[in-house]
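The domain 'Protein kinase' annotation in TrEMBL covers 4-253. According to TrEMBL, the ATP binding site annotation covers Lys33, Glu86, Asp93. The active site, proton acceptor annotation in TrEMBL covers Asp132.
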Amino acid sequence: ESVYRAGKPIGSGGFGIVYGGTRISDSKQVAVKHIDKRGITNWRFDEYSRPIPLEVYLLSKAHSIHGVNKLIEYFERPDSFILILEKPARCMDLFDYISEKKSLEEEEARKIFGDLIKIMLALKRIHVFHNDIKDENILVDLDMQLISIIDFGSGLTLQFVIQTAGTRVYSPPEWIEEHRYKAEDAAVWSLGVLLYDMVCGDIPFQRDEQTLSGVIEYNKHLSSECRDLIEQCLAHNANERPKLRDIQQHPWLHQHQFHQLNLST
């Protein structure tokens with residue numbers, strides 16, 4: 001409390017409450033995340049063999065990756081952990097960004113999606129799995145024209161088979177049917193949901209039955225390449241979905257790999 005001042009809540013979930021805040025010494029804007037110890041189920045040890053939440057461990061491990069919301073420092077209290085995270089001066093999550101624009105043009109969606117794939121590939125290389133990719137967990141920096149992934153509260157060290165789910169409407173059919181999935185297969189499914197959400201303005205499936213049916217309806221005209229990528233990612237059979245590296249080489253992304261775009265509101 002002598003170093004940071006917390007403001008109003010700016011987000012919450014099953015893993016904690018996030019407040020806007022400032023660092024008193026230089027008025028730097030930060031996010032202050034409060035995590036109740038009673039809700040922590042996954043722990044690791046820090047370099048001094050002290051138990052820390054898995055979220056802190058993952059953020060520390062991913063600290064050098066461009067596009068991961070940076071953990072500045074953390075504090076332990078008797079009943080909670082306080083995480084101090086970077087927060088751009090002008091930003092909003094992708095859910096609000098899409099809502100404000102109704103939907104995104106393909107070129108803007110391509111820039112965001114391409115950047116997201118690069119971040120996820122970098123995380124994969126250090127065996128970190130976010131496990132809850134969705135529009136609310138992607139922060140858009142409106143000044144720097146960049147995105148970052150936030151909220152690793154559902155995150156895991158990369159495993160072959162996962163038996164804990166992220167957000168239901170972003171979860172793949174195999175989770176609904178078997179309550180288990182492979183890490184990368186599920187991530188690719190979530191990316192398909194997210195891409196559809198960006199270009200169409202809403203998620204493709206609201207209920208389990210829709211997810212299992214796999215019927216994708218489009219409310220606007222999209223390029224054949226964009227539709228192809230969405231449908232590949234949302235293949236019902238997990239073995240038929242592309243890998244992250246394949247997505248990066250897909251014609252919809254690959255031909256515009258170096259395209260620069262202004263993100264604005």
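Numbers run from 1 along the shown chain.
Even glycines carry a Cβ here, placed using N, Cα and C.
Everything TrEMBL records as a feature, shown here on the structure.
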{"residue": "Lys33", "record": "ATP binding site", "Cβ contacts under 8 Å, 6 or more apart": "Gly16, Ile17, Val18, Tyr19, Ile82, Leu83, Ile84, Leu85"}
{"residue": "Glu86", "record": "ATP binding site", "Cβ contacts under 8 Å, 6 or more apart": "Val30, Ala31, Asn69, Lys70, Ile72"}
{"residue": "Asp93", "record": "ATP binding site", "Cβ contacts under 8 Å, 6 or more apart": "Gly11, Asp135, Glu136, Asn137, Ile138, Leu139, Val140, Ile150"}
{"residue": "Asp132", "record": "active site, proton acceptor", "Cβ contacts under 8 Å, 6 or more apart": "Asp151, Gly153, Ser154, Gly155, Gly166, Thr167, Tyr170"}
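Those same-chain residues not listed among Lys33, Glu86, Asp93 yet with C-beta within 8 angstroms of the centroid of the ATP site C-beta atoms are Ile10, Gly11, Val18, Ala31, Asn69, Leu85, Lys87, Leu139, Ile150, Asp151. In three-state terms derived from DSSP, the residue listed as 'active site, proton acceptor' belongs to neither a helical nor a strand segment and is classed as coil. DSSP gives Glu86 (ATP binding site) a strand state. Here the domain 'Protein kinase' (4-253) returns a mean pLDDT of 94 for the predicted model.
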